[in-house]
Amino acid sequence: MSVFISQGHLSECPFVNADHEEVKKKKGTSIVICGYPLSIFFIVVNEFCERFSYYGMRAVLVLYFKYFLRWDDDLATSIYHAFVALCYLTPILGAIVADSWLGKFKTIIYLSIVYALGQVVMAISAIHDLTDYDWNGTPDNMTLHVALSMVGLVLIALGTGGIKPCVAAFGGDQFQDHQERQRSTFFSVFYLCINAGSLLSTIITPILRAQECGIHTQQKCYSLAFGVPAALMVVALVVFIAGSGMYHKAEPQGNILLDVCKCIGFAIKNRFRHRGKEFPKRTHWMDWADEKYEKLLIAQIKMVLKVLFLYIPLPMFWTLFDQKGSRWTFQATTMDGNFGLLVLQPDQMQTVNPILILTLVPIMDICLSLKIMNTGHRYQLKTINLGRDPMTLTLSQHTVQLAPGQASDYFTFDEDFVIVSVDNTSISQNLTLAKGKRQSVILPSNNTQEWPMTEDLTAKPEQGANAIRFVSGIYPLNISTGGLDFGITDGSLYSNYSLLTYGSTVFTIESGGESCKYSREFGFGSSYTLIIPSSFTFGPDCAASIGVAEDIKPNSVHMALQIPQYFLITAGEVVFSVTGLEFSYSQAPSNMKAVLQAGWLFTVAIGNFIVLIVAELAQIPEQWAEYVLFASLLVAVCVIFSIMAHFYTYMDPAEIEAQFRKKDDDHEVRAEKKERKDSRRSQRSSLEMTEGTGSDPKENRM
């Protein structure tokens with residue numbers, strides 16, 4: 001067996017079918033270059049493009065659910081893991097179709113067409129202009145977008161899962177029996193292409209997603225992020241078809257998985273029919289199938305079941321592993337992605353390719369989550385001084401001094417009203433606070449005027465953006481940056497929030513033919529109120545009088561803190577997957593490697609279903625508590641698995657099969673001897689009967 005060990009996707013490595021050499025078939029006549037058939041070039045390129053397509057789409061999928069379809073974190077997580085689970089269930093269907101009906105070549109062609117259609121449908125579902133009838137940047141018929149995306153994901157799952165067990169095996173079919181070394185190298189290059197396609201797509205598609213596109217309004221370009229993978233899948237299909245004339249296309253040989261299922265089904269049914277005490281017990285419940293199936297097949301199934309039993313705890317491992325594309329990506333959206341010369345998108349952190357291990361990473365996750373959570377209070381209020389002079393305010397039990405253009409921090413109150421008074425004056429107002437909200441009260445230059453109250457943000461802006469607004473003591477003003485206009489007109493003291501991305505932003509403040517440039521650096525996930533006091537004047541130092549109120553602090557936890565857990569996760573995946581695959585391969589009968597591969601992929605699907613169940617049914621309010629739950633479950637599973645492994649007895653499948661084949665050969669020899677002996681007895685009896693009648697034997701033969 002040749003396994004290319006690399007970061008990630010080891011769960012996809014199919015076993016090399018050990019009875020491949022036993023199948024006598026005529027090989028193709030593909031052109032040979034440097035000892036390798038030219039046909040494998042098309043297969044390798046096809047695999048690179050297909051993996052780019054799949055992982056590129058998957059990298060941005062959970063953010064598409066949250067920010068385009070407007071689903072909450074739990075629903076987005078559930079649908080994401082349901083999709084991944086389906087992708088690891090459909091390989092069983094693909095293997096059955098290829099081995100029993102269409103063959104590998106036709107299966108790859110037909111399901112690749114389905115795959116490409118699914119990617120195209122996903123790209124169409126992400127075009128916001130499709131139903132944005134009022135041109136406000138938000139789709140008006142979200143049901144249509146949801147329906148299209150679900151259809152697209154089902155088609156993609158059928159396609160990618162269906163061809164998964166076929167492509168690598170089809171590549172192996174292209175080699176002659178004497179090209180064992182070349183075949184081994186092919187599998188190494190093949191898995192290198194899997195990782196190369198995944199790595200590049202996970203870097204590129206988040207960049208495409210972060211761009212803005214649209215016909216009427218500019219929004220995050222999910223359609224482009226899905227469109228490029230769709231184009232790569234079309235390229236994959238075209239390249240694969242282009243090599244059609246060079247391929248060796250083996251005929252379907254029948255699917256051993258179906259035979260195994262039938263044999264197990266018959267054993268269970270037969271045991272149920274003979275459940276009475278009058279029927280003698282048998283050594284193993286599979287022995288109830290020996291009335292219909294060969295003893296060798298039954299022995300092989302027993303060996304497979306023994307390994308599959310050890311697979312029972314494994315789904316919990318994949319439960320944690322595949323959260324890199326859901327929970328960890330959501331976590332990254334609340335973190336600082338500035339690495340100096342490089343600014344990472346949250347979904348690009350998946351390039352490190354994680355796999356979670358026992359306790360250290362869950363502990364780090366808990367610390368991160370506790371630090372970036374915003375718990376909030378019942379009532380919060382801050383004050384903003386737009387006047388020309390300093391002032392001292394009393395808010396119930398709080399006292400604060402404010403310079404012109406300055407804002408206080410948020411004060412917390414237990415009641416829904418507060419009395420705000422200006423010291424050394426008779427001016428005061430009773431303010432009613434909104435439950436569960438954060439508010440600001442604006443004090444104009446004339447304190448006797450009405451004090452406007454604004455509703456501030458209570459949560460960080462989405463996708464790491466920065467929410468910015470202006471409060472001004474002079475008007476009208478025209479405040480703009482890029483394509484955004486913060487215009488403050490007569491009668492209004494403040495603008496609405498507008499979203500700006502990471503980096504330096506220059507604002508232009510204009511009024512009456514005069515202008516002022518004000519620049520500020522923004523991080524990730526912050527909210528600011530920029531204050532222009534009544535004392536503001538245009539001139540060379542105009543920007544110095546502009547005050548800044550930090551409504552929500554920028555993300556202070558850096559994405560780099562995820563790197564250690566990603567590193568440990570990758571190490572865990574290599575240890576887990578390589579040893580698991582090699583163990584399974586060594587313990588599997590020669591003709592049932594594919595059965596155990598199906599079982600291995602099935603554990604991945606079950607692991608994703610567990611995430612779905614926890615996200616939807618458990619409804620755990622705090623994210624750190626969910627991390628603790630999964631960590632605890634994995635620790636418990638590891639203990640159980642250790643006990644199971646301790647009592648496991650290693651087998652030599654080849655020796656066991658040889659014993660059964662020898663028994664069959666001995667049985668055939670004894671049967672042949674008995675048949676010859678019976679034949680001689682019959683001849684003697686016939687001769688004696690002939691002599692008894694006195695007739696000539698020659699006459700009887702005439």
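Each Cβ is built from the backbone N, Cα and C atoms, and glycine gets one as well.
Annotated features, as they stand in TrEMBL:
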type	residues	note
TRANSMEM	28-45	transmembrane segment
TRANSMEM	52-69	transmembrane segment
TRANSMEM	75-96	transmembrane segment
TRANSMEM	108-127	transmembrane segment
TRANSMEM	147-172	transmembrane segment
TRANSMEM	184-204	transmembrane segment
TRANSMEM	224-243	transmembrane segment
TRANSMEM	303-321	transmembrane segment
TRANSMEM	355-373	transmembrane segment
TRANSMEM	594-615	transmembrane segment
TRANSMEM	627-651	transmembrane segment
REGION	662-702	region 'Disordered'
COMPBIAS	662-681	compositional bias 'Basic and acidic residues'
Are there residues at least 6 beyond the ends of the transmembrane segment (147-172) whose Cβ is under 8 Å from a Cβ of it, and what are they?
12, 14, 16-17, 20, 40, 43-44, 46-47, 50, 54, 57, 64, 69, 83, 86-91, 93-95, 97-98, 104-105, 107-108, 111-122, 124-126, 183, 186-187, 190, 247, 594, 597-598, 601
Of the listed stretches 52-69, 75-96, 184-204, 594-615, which one has the most C-beta pairs under 8 A with the transmembrane segment (108-127)?
52-69
Relative to the transmembrane segment (75-96), the stretch among 52-69, 184-204, 594-615, 627-651 with the most Cβ pairs under 8 Å is 594-615
Ranked first among 52-69, 224-243, 303-321, 627-651 for CB pairs under 8 angstroms with the transmembrane segment (184-204)
52-69
Going through 52-69, 224-243, 594-615, 627-651 one by one, which has the most CB pairs that fall under 8 Å from the transmembrane segment (303-321)?
594-615
Below 8 angstroms Cβ to Cβ, which residues of this chain, lying six or more residues outside the transmembrane segment (52-69), approach it?
75-77, 79-80, 83-84, 115, 119, 122, 126, 128, 142, 145-146, 149, 156, 160, 197-198, 200-202, 204-206, 209, 220, 222, 225-226, 228-230, 232-233, 236, 325-326, 329-330, 333, 346-348, 350, 462-463
Looking only at residues six or more beyond either end of the transmembrane segment (224-243), which have a C-beta under 8 A from one in the stretch?
38-39, 41-43, 45-50, 52-54, 56-57, 60, 64, 108-109, 112-113, 115-116, 119-120, 122-123, 125-126, 201, 204-206, 208-209, 211, 213
